[in-house]
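*Asks:* Input: one structure, supplied below.
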Ligand code: NAI
């Protein structure tokens, strides 16, 4: 049997839910997931607008079935899902940090996580809602409380930082982004975002002021979008792209593909001795989610400094998330 036949006929296809499917990220993300051949069914939920988005996306000519669920149909939306992506919640406005979203988004994410823990406790949960550094611990603690926490199943989606690092580096050195595969470790906000340019062939050469500017642009690239949208929200299209990219990595790994390795924010032993028990690093994904957590590898002195600045901030964000559920 050819590889092509295997991928189209024997592949295990997965039911995926998007919670917050009516939003700026949720809509294009749903469209991109509709195009993924590993998705069998798409369950689109939002407190407003999901049935309309579902009717629209369902006309795209790929085999997956799309259903929309209104505000009171969360549990139905979660029946039988294997992967749940969460872009529900409010986005930033100019001048706001991601942490400023905590008060609104923490309870939204906690309530959605509690429903997933009840209805589909073995689902893989991909958290996009900010502040990711806190919302991932919120999902984990909520699952823990329900007695169903599996650390291999909960992911913070940091792929947009990876996508930005790749694109911005490619612009600085005049390469194509596919040659600029930058591991981004740490967390997902400001100084907790640690791009490791030295770990790419082409990134090693960037030094001095261009290097400092590049790091700053990756850490605060989201602000460029928030400012340009001028009150209308934050990154949605590039985020939908990044979310679909990460979901595809996970779906391929769940489907048995070997060697799928990508940065994502997970429960991690790497810096647990410093009180930081969630951390993004290169993670090998497998048929049960997180398969292997890779250490950050060799760091330059500059990268070591970035990591030292990341850890205390990250610890605060994680502790805040845990305290919210406790
Ligand atoms: P949006 O406001 O356009 O959409 C959010 C959607 O969530 C709305 O349709 C709203 O009705 C829905 N919603 C609110 N409460 C809900 C609930 N309890 N259940 C289900 N749906 C609910 O916002 P946007 O731009 O789509 O951003 C969503 C989140 O993603 C924000 O928290 C934002 O900060 C975050 N984000 C994360 C990024 C990352 O790299 N991880 C990048 C960009 C944004």
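Yeah, the Cβs are placed from backbone N, Cα and C, and that goes for glycine too.
Quantities reported herein were computed from a predicted structural model and do not represent experimental measurements.
Annotated active site, proton acceptor per TrEMBL: 188, in sequence order. If you look up TrEMBL, you'll see 20, 21, 22, 23, 24, 25, 26, 46, 105, 128, 129, 130, 239 marked as NAD(+) binding site. Annotated substrate binding site per TrEMBL: 92, 98, 130, 164, in sequence order. As annotated by TrEMBL, domain 'Lactate/malate dehydrogenase N-terminal' applies to 14-156. The domain 'Lactate/malate dehydrogenase C-terminal' annotation in TrEMBL covers 158-325.
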*Asks:* Of all the binding-site residues here, 20, 22, 24, which one's CB has the most other CB atoms within 10 A?
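*Replies:* Of the binding-site residues 20, 22, 24, the most buried by Cβ count within 10 Å is 20.
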*Asks:* Compare the Cα of residue 24 (NAD(+) binding site) against each of the recorded positions 98, 130, 164, 188 and report the nearest.
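*Replies:* Spatially nearest to residue 24 (NAD(+) binding site) by Cα position is 130.
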*Asks:* Any idea what the Cα distance is from residue 92 (substrate binding site) over to residue 129 (NAD(+) binding site), rounded to a whole Å?
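*Replies:* On Cα coordinates alone, these residues lie 11 Å apart.
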*Asks:* Check the DSSP secondary structure of residue 188 (active site, proton acceptor), expressed as helix, strand or coil.
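*Replies:* It is coil.
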*Asks:* State the Cα to Cα distance, in Å, between residue 164 (substrate binding site) and residue 22 (NAD(+) binding site), rounded to an integer.
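*Replies:* For residue 164 (substrate binding site) versus residue 22 (NAD(+) binding site), the Cα atoms are 25 Å apart.
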*Asks:* Given the binding-site residues 92, 98, 164, which one has the fewest other C-beta atoms within 10 angstroms of its C-beta?
*Replies:* 92
*Asks:* Which of the binding-site residues 20, 22, 98, 239 has its Cα closest in space to the Cα of residue 188 (active site, proton acceptor)?
*Replies:* 98
*Asks:* Are there any residues at least 6 positions away along the chain from residue 26 (NAD(+) binding site) with a Cβ closer than 8 Å to its Cβ? List them or say none.
*Replies:* 18, 20, 44, 46, 53, 87, 88
*Asks:* For each of the binding-site residues (129, 130), count the other CB atoms lying within 10 A of its CB, then report the residue with the highest count.
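*Replies:* Selected residue: 129.
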*Asks:* If the substrate binders are 92, 98, 130, 164 per the record, what's the largest distance between their Cα atoms, in Å?
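*Replies:* So the maximum pairwise Cα distance among the substrate binders is 18 Å.
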